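Chemist: Would you mind keeping the following structure in view while I ask a few things?
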Amino acid sequence: MIALLIGAGLALLCALVGTPLFIRLLVRRGYGQFIRDDGPTSHHTKRGTPTMGGTVVVAAVLLSYGLTHLIMFLMNPDSPGPSASALILLFLMVGMGLVGFLDDFIKISRQRSLGLNAKAKLILQAAVGVIFAVLALNFPDESGLAPASTKISLVRDLPWLDLAFGGTVLGAILFVVWSNLIVTAATNGVNLTDGLDGLAAGASVMVFGAYTLMGIWQSNQACGSPREAGSGCYSVRDPLDLALLAAIMSAALVGFLWWNTSPAKIFMGDTGSLAIGGAIAGFAILSRTELLLGIIGGLFVLITLSVIIQVGYFKATGGKRVFKMAPLQHHFELKGWAEVTVVVRFWILGGLFVAVGLGIFYAEWVVLL
């Protein structure tokens, strides 16, 4: 618990101090956001706002995680160091962040709304996702438990939904596909949500907060631990270190949100949204709560569905629309809601999804107790 407090405190401080310094750097270089003309007219005033703020979040997370383990080692040389699960998750976050950084840089340098084309972006995301999936199935601990498994999970692995039903090789291939679906869905969900000042950052704070609580609980109730509760114990690799990383992510985003809230001094850009989405997907996979992510990240799912419905209905009806504009947050803007009103109400909605997800997580343990 001390490590979580140290890590969160460091991440908050790094993001709070680092973000304004990064803003000054971007302003000097003229790296500002390009705003589409077909978006809400109220957004035109945001043209030129510094972007790529996700760089600060990623840097704060990496620095805080490393420093926390260094401090814990200095306090107690026998304390466990960085875990395989956390390092693999950090790889996914950084890899996706680099894809987003490249996308942002192209937009800024060419002053257009399109960065990487869809095909190139998907290929790069898939490449990072494949490497993550392969790494996650390897590096077993002394008991043979790897960071991830081929079983699809809800609150824990579901033994009757094992992708390795046709053998180890087929299971590994299917896991790579399944893992990439989760990563792609999460990254695109956060990316679509990042359309209003503070919306994606605030919603993500709550999601990472949920994974912090779940990681602590999984550690307390780990199979083989003194506090194990029979059939309700969890077989998760490095749950407490994952909880530390989730707490660091949440705190770093709070620090960034201080500058990203309306009126935003900086945007996270695709650098941030893809890194955050990748991290969220990584937590779901490594904490064995893959299907539960659909509820905990329900706000991202809802916003993504609004785009799918809008595009599908538009094509099916020859130009008609369900919403005034998609993603969903812009629909309410065009209905006359103030941007801050939309953001706060969507935060409330996101918080409710997180609460329901946590309720399901703990209720399942009570049932198995």
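From the backbone N, Cα and C atoms, a Cβ is placed for every residue, glycine too.
What Swiss-Prot shows for this protein is this:
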| type | residues | note |
| --- | --- | --- |
| TRANSMEM | 2-22 | transmembrane segment |
| TRANSMEM | 55-75 | transmembrane segment |
| TRANSMEM | 86-106 | transmembrane segment |
| TRANSMEM | 120-140 | transmembrane segment |
| TRANSMEM | 163-183 | transmembrane segment |
| TRANSMEM | 196-216 | transmembrane segment |
| TRANSMEM | 239-259 | transmembrane segment |
| TRANSMEM | 266-286 | transmembrane segment |
| TRANSMEM | 291-311 | transmembrane segment |
| TRANSMEM | 348-368 | transmembrane segment |
Chemist: Given the cut-off of 8 Å on Cβ pairs that are 6 or more apart in sequence, determine whether the transmembrane segment (86-106) and the transmembrane segment (2-22) share at least 3 such pairs.
Modeler: no
Chemist: How about the transmembrane segment (239-259) and the transmembrane segment (55-75): do they have 3 or more C-beta pairs under 8 A, pairs 6 or more apart in sequence?
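Modeler: Since 3 or more Cβ pairs under 8 Å link them, the transmembrane segment (239-259) and the transmembrane segment (55-75) do come into contact.
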Chemist: Could you check whether the transmembrane segment (196-216) packs against the transmembrane segment (55-75) - three or more CB pairs closer than 8 Å, residues at least 6 apart in sequence?
Modeler: no
Chemist: Restricting to the same chain and to residues at least six past its boundaries, which positions have a Cβ under 8 Å from a Cβ of the transmembrane segment (163-183)?
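Modeler: Counting only partners 6 or more residues beyond its ends, the transmembrane segment (163-183) has Cβ contacts under 8 Å with 92, 96, 125-126, 128-130, 132-134, 136-137, 148, 150-152, 277-278, 281-282, 284-285, 290, 293.
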Chemist: Looking only at the recorded stretches 2-22, 266-286, 348-368, which one has the largest tally of CB-CB distances under 8 Å to the transmembrane segment (55-75)?
Modeler: 2-22
Chemist: I need to check the long-range neighbours of the transmembrane segment (2-22): which residues 6 or more away from its ends have a CB within less than 8 Å of a CB in the stretch?
Modeler: 50, 53, 55-57, 59-61, 63-65, 67-69, 71-72, 79, 212, 216, 243-245, 247-256, 258-260, 265-266
Chemist: Same-chain Cβ contacts of the transmembrane segment (266-286) under 8 Å, 6 or more residues past its ends?
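Modeler: Same-chain contacts beyond the flanks: 19, 22-23, 26, 33, 46, 49-55, 57-58, 85, 88-89, 92-97, 99-101, 103-104, 115, 125, 128, 132, 136, 147-148, 179, 182-183, 185-191, 193-194, 200-201, 204, 207-208, 211, 236-238, 242, 246, 249, 253, 256, 259-260, 292-293, 296-297, 300.
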